Amino acid sequence: MVPTAVFAPRDWEDKTCDTDVNECLEIQPCQNNGTCTNTEGSYSCSCIEGWQGPNCENDQNECEFFPCQNNGSCVNTFGSYLCNCTDGWQDQNCDTDRNECEKLGLCLNNGTCHNNEGSYICLCSDGWKGQHCDRDVDECNFADICENNGTCQNTAGSYKCDCSEGWQGKHCKEDVNECENLELCENNGTCINTNGSYTCNCSSGWQDKHCQKDINECDMFLAMSKQWNLP
Ligand SMILES: [Ca+2]
Ligand SMILES: [Ca+2]
Ligand SMILES: [Ca+2]
Ligand SMILES: [Ca+2]
């Protein structure tokens, strides 16, 4: 008589072969944590996820079912699988948004981070642009940002207007009231402020921009005499 191998399934034992063998106890045939159920004349294995075959001995290729979402790439492994997620997604199947805004300092220069499904955006504060608000806006490229012939100077995150004489303010839009300087028009001249400038109305006997120049009435009289041919 050939001795029965210990790990070979014996479906029936005893002389008349009418007694069932409980393979689940004798040979524990289900591999990889499969659950064994004894049956009359045989047994069955119910496999845990990731395994297949009569004895749960074969790896299941989960990648055939495309488990990785959002363009993640699937790698089959023994008893399981891995997803390599694209940026912005996480978890086993890449189906959970990653909140990038949890990382502080992602948006630079006081930009605010707004999370969204699969990505995020930075809302930049004035003067900055770019995905992470790391690029200066060159405001001097905007036409006439400095008015009244002011000169624009770009700076990191901002800009400066150098105003031409007579104008002031961030954009050189405001008139300088030169008449606030009470000594501007000399010799009792009256100052009249104008947009971007001023004029001095001189009192009699004085002339020039600031009434600083004495009128030589004698010369005037001479000139008039010549014009009218007076003696
Ligand atoms: Ca697998
Ligand atoms: Ca996100
Ligand atoms: Ca700038
Ligand atoms: Ca003025």
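Heads up, residue numbers simply count up from 1 along the chain you see.
Even glycines carry a Cβ here, placed using N, Cα and C.
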From CYS124, CYS146, the residue that TrEMBL pairs with CYS133 through a disulfide is CYS124
Going by TrEMBL, the cysteine from CYS163, CYS185 that pairs with CYS172 in a disulfide is CYS163
From the list CYS47, CYS68, TrEMBL names as the disulphide partner of CYS56 the residue CYS47
Among CYS191, CYS211, TrEMBL lists the disulphide partner of CYS202 as CYS211
Answer for the disulfide partner of CYS85 (TrEMBL, candidates CYS74, CYS94) is CYS94
Contact set of the domain 'EGF-like' (97-134) with the rest of its chain, CB cutoff 8 A exclusive, min separation 6+ beyond the ends, reads 70, 87-90, 157-159
Long-range Cβ contacts under 8 Å made by the domain 'EGF-like' (175-212), restricted to residues 6 or more beyond its ends, are 148, 165-168
Rounding to whole Å, the Cα atoms of CYS94 (disulfide bond) and CYS211 (disulfide bond) are apart by 83
Students should find that the Cβ of CYS133 (disulfide bond) has, within 10 Å, a number of other Cβ atoms equal to 22
In the three-state DSSP scheme, CYS47 (disulfide bond) belongs to coil
Keeping only the disulfide-bonded residues of CYS85, CYS124, CYS133, CYS163, CYS202, CYS211 whose C-alpha lies within 10 A of that of CYS47 (disulfide bond) yields none
